[in-house]
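Lifted from TrEMBL, the feature list:
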DOMAIN    1-612  domain 'Myosin motor'
BINDING   12, 13, 14, 15, 16, 17, 18, 19  ATP binding site
REGION    449-483  region 'Disordered'
REGION    492-514  region 'Actin-binding'
């Protein structure tokens, strides 16, 4: 109606139902609008869900189908508001889950789907087995989700891939890489001494990994246990300890998975790409919810940072901008207090904030999690009310988020922010004979884009979330130095710009309880969530405020149909005032600002109903007139046709009658002459007979007379 792009922002805590709500919204658009072509684009849009869930969702202690990445899907429409395509942006995949899961948690669904389908003939070459056999899928001790059949889910994933144009050969390539990651996790190292290690000869998991990846066993075994160091003058190869080798193996597995994830997102976007010009779009944001666990690390920090930004966007839209506009328009208003989380965001992203200090520590040659923690304490402790230090730890910090206090463990922050993977291992993979694998790394030498992990293996963001300029010589190496935190901050800013450029709509998902129990409602927990995400203040401001507003020109253009000609004045403002006073008798239901008219809840709907009724009456009148005109035209046409038919029929009948008369006259004449002929013939016969009789009689009489004489 308003000719503006829309965004639906689905938010809530982890496990509150955001992913399902986003799927329902997308299903609604697909059902209502349909597609602009026979390509069934809306089916493809919906088919992206099972694929992205299988590779990006996992079971956590709070949620059996938790999104471990954020996604923003733009559904494109043409001028007739039919779906023509879509585009997906992804944010911060939780790569660490590939190699580690906490107790009662699972790796990404796709791994368990593969293991459940291991008996299929086409999967025999992958040499898979039970999920409990693989190190990367058994750590959580919970390989099965109640009520979920992983083998059936694999069928759904494959069908969705086929619908999106990912061929069977590419699908098998994807499964081959995923199986290789599982086998890589089972590779074991034996210590030679404290600074070096080795892999047992003909180690079965590594042999299977190399066969699946199409790389040389000796090369991969060598570079898993060694690294290359380059100095200003020379390059030399250095053995690494068992612990470093395990970390390098895990970093490689995470890097392969992240690049595969990006490759699949790219192919999904290509399948959903619009072939015609996009007129407008509706964006659906499904992003990870606020999280707090027993141990919170870098991933939870980034997730909660994203939720702070989304909460700020909500506050800006609903509270700050709303109340500022009332002040600017000089509407009588009493300010409503709300929680402003800008100080918390400043603590995280401002200069000398947590991310800034983390990036600075990553650049230090001997930087560590401990020294970074000390810098945090020195910079923020007792200076920022939202930052605290735990009593019994020097390696953790507490942030007071809008939803709750969260204690973060500093261990692993630096490594995850840098998240390095050894270049030599990547080179081995690039030399693979397996066609798909080099494709995953073909952009490695190019300038970093937000969805492509670099040789340093950073977490992927969205390929479309950041649009870098063309690379200049020497620029790529500079780009490679960007940390995960830096990239994530940039992509969040761009996401906020996109959301602010559209009309946002909010879906707040409320979690009924923390134990994943059905039909169990914890009232205190629900109220806590409502209060934390600003819903209670939203209700207050909606009840007291004016949620709808029009400029005077917009109001005039929209509701001109409700005005009579004599109501229209040259002064638009006065015209609108005069009309509103007639339409809405209660003057408390609206307010006139300097440039806009403000309406309380429900008033625009009331005006829309009056407008719709007026348009309906006008429509009926137009229909009546048009139908009368059409029927009249039809009648005139039928009358003209009837007269023409009558004329021809009467002419035909007259001609037939004339012919009948001519034939009748001819028959009479024929009858007359025939009868005359018959009568004359009979007369002549009778005359001749009479004359003959007379002659005979007269002769007889004459003879008798003569004889008597």
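Start at 1 and count along the chain as shown; that gives each residue its number.
For all residues, glycine too, the Cβ spot is worked out from N, Cα and C.
Automatic, uncurated: that is what TrEMBL annotation is.
Between the listed binding-site residues, namely 14, 19, the fewest other CB atoms within 10 angstroms of a CB are found at 14.
Apart from 12, 13, 14, 15, 16, 17, 18, 19, the ATP site neighbourhood in this chain, defined by C-beta within 8 angstroms of the site C-beta centre, holds 63, 289, 509, 511.
Cβ neighbours of residue 17 (ATP binding site) (same chain, under 8 Å, six or more residues apart in sequence): 509, 511. Under a cutoff of 8 A between CB atoms, and with a sequence separation of 6+ in the same chain, the neighbours of residue 16 (ATP binding site) are 289, 509, 510, 511, 529. The Cβ of residue 18 (ATP binding site) lies under 8 Å from the Cβ of 10, 11, 12, 67, 286, 287, 289, 507, 509, each of these being in the same chain and 6 or more residues away along the sequence. Summarised as a single figure, the pLDDT of the region 'Actin-binding' (492-514) averages 89. Of all the binding-site residues listed (12, 15), 12 has the fewest other CB atoms within 10 A of its CB.
Residue counts for the region 'Actin-binding' (492-514) under DSSP (helix as H, G, I; strand as E, B; rest coil) come to 9 helix, 7 strand, 7 coil.
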